């Protein structure tokens with residue numbers, strides 16, 4: 001069963017979810033979340049994207065938006081799919097009530113860019129004033 005809205009942390013997305021595992025990435029944390037093998041608190045889902053709460057939030061609202069297909073870095077993503085990730089991120093900001101006060105979208109790309117999970121993901125951060133530079 002796919003959960004929409006604010007799922008409890010113990011709930012997971014179900015067997016109808018899909019992630020296209022590519023050779024050598026069956027250990028991808030986010031692919032395993034999409035496949036329902038690892039629980040996540042899902043806040044939004046489309047046919048091509050999934051949004052869930054970060055397990056180590058850096059702001060009152062901290063949601064990750066991912067494409068369901070595995071792509072290592074943002075440069076590997078088709079522009080149409082990248083647009084769908086951004087559209088889902090905007091919808092998350094609206095549903096979380098941070099769209100009018102302001103929010104930040106972040107893509108960390110590569111090790112030096114701070115990427116720690118090598119499956120493209122967009123951080124949606126908000127719910128408090130955010131400073132610049134971020135760190």
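Every residue gets a Cβ built from N, Cα and C, even glycine.
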Task: From 109-113, 114-118, 119-123, the residue range that TrEMBL assigns the feature motif 'Histidine triad motif' - done: 119-123
Task: Set of same-chain residues at least 6 away whose C-beta sits under 8 angstroms from residue 121 (active site, tele-AMP-histidine intermediate) - done: 30, 64, 65, 66, 107
Open item on the list: Counting by DSSP secondary structure, give me helix, strand and coil numbers for the domain 'HIT' (29-135).
Closed with: 29 helix, 25 strand, 53 coil
